[in-house]
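Have a look at the structure below, then the notes.
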Amino acid sequence: MDLPLYWTALIAFLIINAMLLTASVLVYAERKISGFIQHRLGPNRVGPAGFLQPFADVVKLLFKEDIIPAQANRFIHALAPTIMVTIAMTVPALIPFARGVVIADIDVGVLAILALTSISVYGITLAGWSSNSKYSLLGGLRSSAQMISYELAMGTAVLSVILQAGSLNVSAIVEAQRDGWAILGWHVFTNPIGALIFIVTAFAETNRLPFDLPEAEQELVGGYHTEYSGMKFGMFFLAEYVNLFVASFVIATLFFGGYLVPFEPLLLKAFPALEGSVLLGLLQFLSLLAKTCFFAFLYIWVRWTFPRFKYNQLMTLGWKYLLPIGLANVILIALGVALFS
């Protein structure tokens, strides 16, 4: 259904603020989970159980001095973190949070998501170049090479989903996963290879361990944001955690039924009055949120348990393994659609 403009504006306002809050919650969750993995307590001083620690960190960053290197390009140096945050905040507009609840329900939604996530590499590259530092520049170059390499494999995974759904519209892709008994229509069951490739490449696209070569501390000090301080530095971290949550949203939407409630057809058969109700919309939103939180936890767990790839291993995995397997998977899915649809 088409929402009135004022409802769309209200949802957009709520989502932007929710993503800002989510970044803080994810920082807290990461610290607590890493503390658990390493047998530590994690933050436990500011607020109940340390929950307000991320907000204290934001206040600290706001009052820190904003230092710009003497030979840096001041305009681009300030523009780079802005690009990162803006792109990260834009992608959720294309994700349906419940049936009919989406800010921008466009026919080429999947392509728009891929395009927006691709643009974020400009922020990292510009940050590396504008800082006039060899460490920052190397981090920017690494990021460009990494994201270009893994976007191809990610594209093959998305293409296989498009072939299955027969549409580029994100809502249509979610609804296509209603086919099949209970949860067996989800693309993770009908296209497991594509799901695995997309999850792996999503780790690389968000520059998280084991794919965090652009900001490898042991090699590049801080990578592309070595010369950033104050709130500009904080904006990079805000973008990183928003991207983490957005990537989890996209994984859940394309391969795990999105807002579809598990066993939804059986639920509607037992309670027909739920069809089109606000309660069903709330259940769908909570279903999407639960799936997203699971993948956000997976991101954090992998970061604190897996070692970093070497650069040659990173490139080999992308070009020699994921891309050929992804292309073969597209061919198999295309044959399956042609023969059995």
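Placement of Cβ uses the backbone N, Cα and C atoms for every residue, glycine included.
According to Swiss-Prot, the feature transmembrane segment maps to 9-29 (among others).
Within the chain, the transmembrane segment (75-95) has long-range Cβ neighbours (under 8 A, six or more residues past its boundaries) at 12, 15-16, 19, 68-69, 102-104, 106, 109, 112-113, 116-117, 119-120, 122-124, 126-127, 129-131, 170, 225, 227-228, 232-233, 235-236, 238-239, 242-243, 246, 249-250, 253, 258. The annotation transmembrane segment is assigned in Swiss-Prot to 75-95 (among others) on the grounds of sequence analysis.
The transmembrane segment annotation in Swiss-Prot covers 108-128 (among others). A Cβ distance under 8 Å defines the sequence-distant neighbours of the transmembrane segment (108-128), meaning residues of its chain 6+ beyond its ends; these are 76-77, 79-84, 87-88, 90-91, 94, 136-141, 143-144, 147-148, 151, 154-155, 158, 161-162, 168-171, 173, 205, 207, 214, 223-225, 228, 236, 239, 243, 250, 254.
Among the features that Swiss-Prot reports, transmembrane segment is placed at 154-174 (among others). Same-chain neighbours of the transmembrane segment (154-174): 94-96, 99-100, 102, 105-111, 113-114, 187, 190-191, 193-195, 197-198, 201-202, 205, 253-255, 257-260, 323, 326-327, 329-330, 333-334, 337, counting only residues six or more beyond its ends whose CB sits under 8 Å from a CB of the stretch.
Taken from Swiss-Prot, the feature transmembrane segment covers 180-200 (among others), and the record attributes it to sequence analysis.
Per Swiss-Prot, transmembrane segment is recorded for 244-264 (among others). Residues of the same chain lying 6 or more positions beyond the ends of the transmembrane segment (244-264) and with a Cβ under 8 Å from any Cβ of it are 19, 22-23, 26, 88, 91-92, 95-99, 110, 113, 158, 161, 170, 173-174, 177-178, 182-183, 185-188, 191, 194-195, 198-199, 202, 205-206, 208, 280, 283-285, 287-288, 291-296, 298-299.
What Swiss-Prot records for 278-298 (among others) is transmembrane segment. Taking Cβ pairs closer than 8 Å, the transmembrane segment (278-298) reaches residues 26, 29, 33, 97-101, 199, 244-245, 247-249, 251-253, 256-262, 268 in its own chain, all 6 or more past its ends.
Among the features that Swiss-Prot reports, transmembrane segment is placed at 321-341 (among others). Long-range neighbours of the transmembrane segment (321-341) within the same chain, counting only residues 6 or more positions beyond its ends whose Cβ lies under 8 Å from a Cβ of the stretch, are 150, 152-153, 155-157, 159-160, 163-164, 166, 191, 193-194, 197, 200-201.
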Which residues, given as numbers and ranges, are at least 6 beyond the ends of the transmembrane segment (9-29) yet have a Cβ under 8 Å from it? 3, 43, 50-51, 53-55, 57-58, 88-89, 92-93, 97, 101, 103, 237-238, 241-242, 244-246, 296-297, 300
